[in-house]
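To start, the structure itself, in structure tokens.
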Amino acid sequence: MNTVRVTFLLVFVLAVSLGQADEDGNRMEKRQKKTEAENLLLPKLEELDAKLWEEDSVESRNSRQKRCNGKDVPCDPDPAKNRRCCSGLECLKPYLHGIWYQDYYCYVEKSGR
């Protein structure tokens with residue numbers, strides 16, 4: 001009976017020690033595979049990112065105007081600021097209405113000037 005216990009204990013200790021060694025080996029393999037996958041994926045992601053930024057930066061002639069003010073809306077005559085009038089409108093000082101609130105408003109461009 002003692003020999004069976006000793007044999008069982010010996011087999012159990014060997015199985016546990018070899019099993020842990022396999023787990024460490026599996027962890028190392030997983031870590032290596034992960035780094036290899038990251039190294040393969042990184043150039044593809046950088047290329048995709050560059051293409052997306054390139055598409056955003058290129059404006060086509062059909063692209064719509066960004067954030068502009070409509071007719072009779074307060075504006076700023078300084079073109080560097082964001083409060084500019086849409087195409088077909090110009091930023092002028094108001095004649096009667098709006099003189100109490102803002103200095104300039106967007107009006108339709110006069111073609112006779």
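Keep in mind that glycine also has a Cβ here, set from the backbone N, Cα and C atoms.
For Cys68, the disulfide partner recorded in Swiss-Prot among Cys75, Cys86 is Cys86. Cys75 (disulfide bond) and Cys68 (disulfide bond) have their C-alpha atoms 9 Å apart, to the nearest angstrom. Non-local contacts of Cys68 (disulfide bond) by the CB criterion (under 8 A, 6+ apart in sequence, same chain) comprise Arg84, Cys85, Cys86, Ser87.
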